[in-house]
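These notes concern the structure reproduced below.
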Amino acid sequence: MHPDLGPLWTLLYVLVILCSSVSSDLAPYFISEPLSAVQKLGRPVVLHCSAKPVTARISWLHNGKRLDRNTEQIKIHRGTLTILSLNPSLSGCYQCVANNSVGAVVSGPATVSAAALGDFDSSTMHVITAEEKNTGFIGCRVPESNPKAEVRYKIRGKWLKHSTGNYIILPSGNLQVLNVSSKDKGSYKCAAYNPVTSELKVEPTGRKLLVSRPSSNGFHILHPALSQALAVLPHSPVTLECVVSGVPASQVYWLKDGQDAVAGSNWRRLYSHLATASIDPADSGNYSCVVGNKSGDVKHVTYMVNVLEHASISKGLHDQKVSLGATVHFTCDVHGNPAPNRTWFHNAQPIHPSSRHLTEGNVLKITRVVMEDSGLYQCVADNGIGFMQSTGRLQIEQDSGWKPVIVTAPANIEVMDGDFVTLSCNATGVPVPVIHWYGRHGLITSHPSQVLRSKPRKSHLFRPGDLDLEPVYLIMSQAGSSSLSIQAVTLEHAGKYTCEATNKHGSTQSEAFLTVVPFETNTKAESVTPSEASQNDERDPQDGSESSLLNLFPVKVHPSGVELPAERNASVPDAPNILSPPQTHMPDTYNLVWRAGRDGGMPINAYFVKYRKLDDGSGAVGSWHTVRVPGSENELHLTELEPSSLYEVLMVARSAVGEGQPAMLTFRTSKEKMASSKNTQASFPPVGVPKRPVTAEASNSNFGVVLTDSSRHSGVPEAPDRPTISMASETSVYVTWIPRANGGSPITAFKVEYKRMRTSDWLVAAEDIPPSKLSVEVRSLEPGSIYKFRVIAINHYGESFRSSASRPYQVAGFPNRFSNRPITGPHIAYTEAVSDTQIMLKWTYVPSSNNNTPIQGFYIYYRPTDSDNDSDYKRDVVEGSKQWHTIGHLQPETSYDIKMQCFNEGGESEFSNVMICETKVKRVPGASDYPVKELSTPPSSSGNAGNVGPATSPARSSDMLYLIVGCVLGVMVLILMVFIALCLWKSRQQSTIQKYDPPGYLYQGSEINGQMVEYTTLSGAARINGSVHGGFLSNGCSHLHHKGPSGVNGTLSGNINGGLYSAHTNSLTRACVEFEHPHHLVNSGGVYTAVPQMDPLECINCRNCRNNNRCFTKTNSPLPVVPVVASYPQGGLEMKPLNAMKVPVCPASTVPDHGQLPDDCVKDSVAPIPTQHTCCQDNISDINSDSTEDTAEFSRGDSSGHSEAEDKVFSWNPLILSPVLEDCGEKTARSPPGPPLDGLSVVLQQAQET
């Protein structure tokens, strides 16, 4: 078993408290101070500062003003200050401040400056002549540079970086050529290289060295021509230059104050120069370079050397303890070259002279001291090349204690809504005072039940009895020091805050004002979705314990204001991983889905989503919209978006520690949907369906391993949007871009590449660009050249794909590479309006027309046609290899004049032909996404600039009307075609039915000079006065009633007992029609009935009467063929008596008595008559001659009926029924015409008795 460690832990805890108490009474001092730095603009700078004791708090000053931790581009973490991206506003003097309950001290200044390299002065070519075997001198005026530039030379096309052979690069930047020969003649150019920015600038003109033969013109001091004054830093290497020609270096002497400068010193000879590796202040003086010859001539040049000294303090401050009302003197003796400035500080604040604070030389005098005068005093000496400070502590005694004094008062601060704010207050006193904070609502404590809160943003989701236990204020206090932190500041937190330090001797107060500005002035009010409300209300009504209430919040509330170790060691959450694709199929909505990153040890309270619309062309952006999402959500539905638009999204996660790094995404909405395409639109989930929850990493089917969606994330970020280029200076540009999705890991840096046109290599323009910086300046571009740029995003997984190259950008100015400008311009061959804001044009350019003069690109000019002002022309620049271009940002339904020029360094060509093209009509909501394509502008036949091609004929609003009318007519034609097809189909069905169950046809004769109708008469023995009953055939029945002509009276009455077919029942379903027949009375007393006789044609004999009356023609039949007769006029019939004859009839059939028809026989309906007739034979009953009915009913069928009974035969012959009868004319089918007849006659057949 392990021994009980309880007492040991208690002892350790007591020791820690004692050490803390002792250290809290120690004055702070610095272990390390920040150092000056020179850095390239856009690159990061890191400054370090550390102090003891451990209770000391570190803060920073910039140019004497306190730095806020929320300052843009600056990150402060403990003793480290990081400038994320250096810009001119962040350059200057930085100091760190260490403070505790004793007081505060300030460090020495660290200068942060931007590296830069100036330009050479433009000058004409200088010609220098040097003698052989003598010394040559090439002068160079090195431009200003920070840090000092390295000098290089380009000699006859080759670079010289260091002294080599007979070439010596002097510290001043000049070049000395020893032992000149003919090989040394040629061109010499001086160059300056900045080691920080890696810039190299070359002298534009340079020097030309000529070599001559030796002469006896004496000697000369080539450099320096005049005496020089030098101020150098101590312990630095120094070279005093003296370039002499005409004498050897051994005849050059160096003197200091008239004495030999080399003997007994650390100076040495270097050719004809005097050098030392480390100069001391004792080396200050006058140095002379003396040259003489054998003839006694002497020449000299003098250097006045001044060695500077760092500031120093020979007598510093001492700690003092005085009583109230006494006078205090602090002495500070400073030295240095130049003389340093002396500055006094009290608790890191400069002391301004007053009636109680007086400065007299090296003494600070404080009269009538009060408790507020206690603390730390500093004397700071600074002469520009060095810094020195001395610190002393002032303690004031009052009855073994004194009233608290606020050493560091809280500062006024202005923050944005939602930021993290910290107010600090340090006080001293005996005993150590207790610090309290007061707001406008009174005392602020860290107990959850007494914490002041802002109004809940979703107050309507909570019942009046609910409590908002999310901590808003957090107070961290130590002995004599206290900090008030507001985790997510809101507008309600704005106002005055008071820090009060209290002990038994009294209290002291200090005030600070907190100003809160809205995060964005157009921030939308937060809305609550139904799902959120339902989730908040889904609690057990019976569970009213505090634990169940706390479970509603992700932040754990502690019962006291003491910070737990978990909170102290926690970090800000990582950026969320956005899972949504960069495009959406919806025109006005977007579903943003994400997965939470690492929470840093504290739960995520909320997500803040900012989005705005971007403009693809100009890069202009819309206003930000901000939405707050609860930390438990992982999805947000963005609405009221614009179709076909690009949007940018920034998203951060916030916990109790603070906000994490933002995640960035750009997405594009789809085109607006048409009403006709509603069937293709994706269906929306029904209202009230919960959002898709986040899958727990430990509860999925992959044993706790989260599998990323490879279709959504490949790890590396998406390529940024195409960058936009704007002018920064004559030789530099600003490259601006918009990032896209980060690929699941936050973007750590960007890289910009550039390419000069007509070259194939992409070069790096800037790298390691911080993710918060979306613009960078690219310098040292060649004037007159055309460049393209692209951007690369970098995260933990690697580099993204390269973005689309920017539009070609031409740098101002020309390097005069080509002196001849092109004369003949291009020829515009084709223009077309591709949308309501874009026009595309194509052109041709023949280099031979300009003697193959190289060109750099084309200028495209365009303006509205109705404008006569040349200043209205706008210009697009296109590279020389292009042959087409799209002009954007035009007005809808507007005609434009378009012309072109080609250009190079020498100038522009003449204008091309002018084309006129009109943009399309702006598409209204609901119109087709694919309008009728307009006619393009045909090319002009002339290449003159004044000729104008014909304009296009744009589709206007009337074309839409024509389109609608055409669609309606097309639909009508389609309906008509369907109707005709149905009619044809119905006719075919009827033909099929008639094929298997054909009715009797009514034949119509041909219309000739006369008409003939066959009639049959019955003899007197045929019971003329009788009635004919059962005139009905099983194939169909027709009641034929023909009206007789005037003057003819009588009735043919016949009775067929049992019907025509006694063996048949009336099973017909076909419609039957009655026809009236005329009856005629002749002189012999016979009654004749005019019955249209039907022609049997081919049907002579019948084999099967009952098989649907299908008859077959027999060639050996004894029956004659009766010709088809035509229709007849009712008033012109010739009647003949019928003789009795014996005719075979169909087998007996049964029909209902009294010749009645079935119920479905309609009086006015006539079934179509088939073209082929059958002959059916059967026995029939006797004919009843006693019938007196006026009408005789006959069976309408395809066969002739023949009767044979008791030596009496009655014959029915099928006759032709005229299709023009009044009752049946509309529904009777016309039969094919019969054979032609020569005249109108009536054939009467008499029945013969056998």
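Cβ coordinates are placed from backbone N, Cα and C, and glycine is handled just like the others.
As annotated by Swiss-Prot, topological domain 'Extracellular' applies to 25-962, with the evidence given as sequence analysis.
Per Swiss-Prot, domain 'Ig-like C2-type 1' is recorded for 28-113. Model confidence over the domain 'Ig-like C2-type 1' (28-113) stands at 91, taken as the mean pLDDT rounded to a whole number.
Close to ASN99 (N-linked glycosylation site) in the fold, though at least 6 residues off in sequence, lie PRO28, ALA56, ARG57, SER59, VAL105, ASN347, ALA348, VAL407, THR408, ASN426, each with a CB less than 8 Å from its CB. If you look up Swiss-Prot, you'll see ASN99 (among others) marked as N-linked glycosylation site, on the strength of sequence analysis.
The annotation N-linked glycosylation site is assigned in Swiss-Prot to ASN179 (among others) on the grounds of sequence analysis. For ASN179 (N-linked glycosylation site), the count of additional Cβ atoms within 10 Å of its Cβ stands at 12 [all protein chains shown].
Taken from Swiss-Prot, the feature domain 'Ig-like C2-type 3' covers 224-302.
When other Cβ atoms within 10 Å of the Cβ of ASN286 (N-linked glycosylation site) are tallied across all protein chains shown, the result is 15. Residues or ranges marked as N-linked glycosylation site by Swiss-Prot on the basis of sequence analysis: ASN286 (among others).
For ASN293 (among others), the entry in Swiss-Prot reads N-linked glycosylation site. In the three-state DSSP assignment, the secondary structure recorded for ASN293 (N-linked glycosylation site) is coil. Summarising the environment of ASN293 (N-linked glycosylation site), the number of other Cβ atoms within 10 Å of its Cβ, over all protein chains shown, is 13.
Here Swiss-Prot flags 309-395 as domain 'Ig-like C2-type 4'.
The C-beta environment of ASN341 (N-linked glycosylation site), restricted to residues of the same chain at least 6 apart in sequence and closer than 8 Å, consists of ALA381, ASP382, ASN383. As annotated by Swiss-Prot, N-linked glycosylation site applies to ASN341 (among others), with the evidence given as sequence analysis.
Sequence annotations record features per position, and here Swiss-Prot assigns domain 'Ig-like C2-type 5' to 404-515.
Using a 10 Å Cβ-Cβ cutoff, ASN426 (N-linked glycosylation site) registers 27 neighbours. If you look up Swiss-Prot, you'll see ASN426 (among others) marked as N-linked glycosylation site, on the strength of sequence analysis.
Here Swiss-Prot flags ASN569 (among others) as N-linked glycosylation site.
Sequence annotations record features per position, and here Swiss-Prot assigns domain 'Fibronectin type-III 3' to 822-922 based on sequence analysis.
Residues or ranges marked as N-linked glycosylation site in Swiss-Prot (evidence: sequence analysis): ASN869 (among others). Taking a C-beta cut-off of under 8 angstroms and a sequence separation of 6 or more, ASN869 (N-linked glycosylation site) has the following same-chain neighbours: ARG863.
What Swiss-Prot records for 963-983 is transmembrane segment, and it gives sequence analysis as the kind of evidence.
Look at Swiss-Prot and you will find 984-1250 tagged as topological domain 'Cytoplasmic'.
Ranked by Cβ pairs under 8 Å to the domain 'Ig-like C2-type 3' (224-302), the stretches 28-113, 309-395, 822-922 are led by 309-395. Across the domain 'Ig-like C2-type 4' (309-395), DSSP classifies residues as 3 helix, 53 strand, 31 coil. Looking at ASN179 (N-linked glycosylation site) and ASN286 (N-linked glycosylation site), their Cα atoms lie 30 Å from each other.
Each residue of the domain 'Fibronectin type-III 3' (822-922) gets a DSSP state, and the totals for helix, strand and coil are 7 helix, 48 strand, 46 coil. Spacing of ASN293 (N-linked glycosylation site) relative to ASN286 (N-linked glycosylation site) is 23 Å (Cα to Cα, whole number). Reduced to three states, the DSSP call for ASN179 (N-linked glycosylation site) is coil.
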